[in-house]
Structures are given as structure tokens and as C-alpha cells.
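> One structure, pasted below without further comment.
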Amino acid sequence: MYYPFVRKALFQLDPERAHEFTFQQLRRITGTPFEALVRQKVPAKPVNCMGLTFKNPLGLAAGLDKDGECIDALGAMGFGSIEIGTVTPRPQPGNDKPRLFRLVDAEGLINRMGFNNLGVDNLVENVKKAHYDGVLGINIGKNKDTPVEQGKDDYLICMEKIYAYAGYIAINISSPNTPGLRTLQYGEALDDLLTAIKNKQNDLQAMHHKYVPIAVKIAPDLSEEELIQVADSLVRHNIDGVIATNTTLDRSLVQGMKNCDQTGGLSGRPLQLKSTEIIRRLSQELNGRLPIIGVGGIDSVIAAREKIAAGASLVQIYSGFIFKGPPLIKEIVTHI
């Protein structure tokens, strides 16, 4: 497969520049006959989850296609689902560059992107143009300059605008790169947010005559007690699914490596065990009451199977996809 050569060239570039260059090429082919260049035939392995039928259990995690610019090209590679975003009500530039770093030896990434995106209206226009036949998740967050106390309003604005176009909606309250965001995972703040989101979901269901499930994305850095509280809140509010996990602030597995001290969330292989352990504990706590989408360091069939054995119904990749390329999709879907 050609990807090792492509990767070698891309890894000569700054990580964000490599991402921009790749997306420039994907934008050129998305929705055109040239999509055949990236198309892969993968077996159908349907999974029912959150009331939806996924054509296979492997999805693309949020963060790669923030604005939904390359949905069709990414879909052609064989993903059973694609989660676009995180998107916010208003466009925002994100944090200062550089803000994305490779830990090549660990096959990890550190990012402090800060929800850079072109805003929800732009994303909706891109979704309208897409022809992807898998499940499209849309991941939403709050603008950096929205006070945390008013954060729920940003989620409700996004929900209203994307509801008609989303297969499911992911609520991102676990990015470490938006000040105060992770506080929404706890206690009263979480209950308040989930109440508002569930009420909005009910209103939108009545308006659009369709039910769009809601999944909440959580951090891997929760204590045992916090995890129990989160699980309890999700069940009490009838949330449809949980995505576990986002990136970690823990650096214990990458000490001494180049870029290890950069601020931001660590993803990729160093997150693998930590996220699997959260999934296992969450699964025990939830006891089948809502499904788990497992994400964090999946870079092989074995890693994907470990997430499913720990209790995940579906899995997603991001960093592994950067390091291994499209062949990883085919390998996981074929052998999982």
C-alpha cells in the first residue's frame, strides 16, 4: 500500500501543515469521480447502536474533519460512521500556533487546537452537499468566549441548527483546550446541561418528526467517583450513548520524549490502556443501560478488539489513522 510513502512525505511537514495539505487534496476529490483514488471495499458488518444501524463498527473520531469538508472522501475509505466537528455556534480561530505536535516514537499526538472551526452554519452547508451513506455524527461544543455558566446555550444553538442533518449528536464537554469546559462533566453543572439538552432534543423531535440520539463525550482523566457520578447522570437523563474517551492530560507514558511537555491533550497509543480502562469501568457501572463508543489509541485490530471486549459497542480512530492511514480502516473492519 502506498501510505507509508505518503506518510514519510507528510511527516516532513509541520503536523498542522500536513493536515491542511491532506485536506486540500481530499477537498479536491470529495464528491467527484476521483474519490475512486481513496475508495476501499470493506465488508459489511452491521451493528445496531443508539437506535441506528451502522454498516460496520468502525468510525472516524471527531477533530479530523472539523467543518465537514471531506465527508464523502473519508466515507469512501470505508468508515461505518464519521463524526465531524467539534463545531461551535460562531467561527473561531482556536489557539495560537504551533498547537499540534507529534510524538513519533510513541505514535501519539498532543494538540491544543482549541475548537478552531468555521462555525455551525458553514458546517451545515457542507453536510447538505455530502452524499455519505454511513452514519454522520456531529460533535458540538461551546465558543471560547462564552462564559461556562452560559455554555449550555451554545450547545442548544448548535443542536437546533444541525438536528435535521445529524445521524447522532455528540456533546463535547471533555476537551482540555477550552478553559473551564471539563467542569461541565461534574455534578450540578452536568445535570443542568443534560436537562437542557434532553428538553431541546424532545422539542426538536416533535418539530422534525425524527429522533436523533445524543452521545456525551467524556475525558479519560476522571476519578472513580467522578466516573460513577457521570454514569449515573447519563442514565438518569436518558442520554442515548457515551463516547469514551477524549484526550488525556496525563504524560506518565511519554516522559522524556520530544514534545512531551507541550500543553494540550495527548492522544494515540499512549492513551490506549487508559481509555480502555475507563470503558471497562464505565461498562460495569452502566451495566448495558446505554452503549459505549470506544476511542483512544486504537491503531490495530487487537486494540479495537480490546475496546469491544471492555464493553464498547462501536469504536473510533483518529491518531492511529494519521500514523497508519486508510489501510488501518480495512484491516480493522475486515478482522474485528
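Placement of Cβ uses the backbone N, Cα and C atoms for every residue, glycine included.
So Swiss-Prot lists the following for this protein:
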ACT_SITE  Ser175  active site, nucleophile
BINDING   Ala62, Gly63, Leu64, Asp65, Lys66, Thr86, Asn139, Asn172, Lys217, Thr245, Gly268, Gly297, Tyr318, Ser319  FMN binding site
BINDING   Lys66, Asn111, Arg112, Met113, Gly114, Phe115, Asn172, Asn177, Asn246, Thr247  substrate binding site
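Give me the lay of the land around each of these features.
The Cβ of Ser175 (active site, nucleophile) has Thr86, Phe115, Gly141, Leu181, Arg182, Asn246, Thr247, Gly265 as same-chain neighbours under 8 Å, each 6 or more residues away in sequence.
Sequence-distant neighbours of Lys217 (FMN binding site) (same chain, 6+ residues apart, CB-CB distance under 8 A): Ala62, Asn139, Ala170, Ile171, Asn172, Ile173, Ser174, Val242, Ile243, Ala244, Thr245, Asn246.
Over all protein chains present, the Cβ of Asn246 (substrate binding site) has 26 other Cβ atoms lying within 10 Å. In three-state terms derived from DSSP, Asn246 (substrate binding site) belongs to neither a helical nor a strand segment and is classed as coil.
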> Going by DSSP, is Gly268 (FMN binding site) part of a helix, a strand, or coil?
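In the DSSP reduction, Gly268 (FMN binding site) maps to strand.
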> From the Cα of Gly268 (FMN binding site) across to the Cα of Gly114 (substrate binding site), what is the distance in angstrom?
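So the Cα of Gly268 (FMN binding site) lies 18 Å away from that of Gly114 (substrate binding site).
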> Based on Cβ atoms within 10 Å, give me the single least packed residue among the binding-site residues Ala62, Leu64.
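Selected from the binding-site residues Ala62, Leu64 on minimum Cβ neighbours within 10 Å: Leu64.
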> What does DSSP assign Leu64 (FMN binding site), in three states?
coil
> Over all shown protein chains, what is the count of other CB atoms within 10 A of the CB belonging to Gly268 (FMN binding site)?
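For Gly268 (FMN binding site), the count of other Cβ atoms within 10 Å is 24.
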> Sorry to bug you, but what's the C-alpha spacing from Arg112 (substrate binding site) to Gly268 (FMN binding site), rounded to the closest Å?
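It is 15 Å, counting Cα to Cα.
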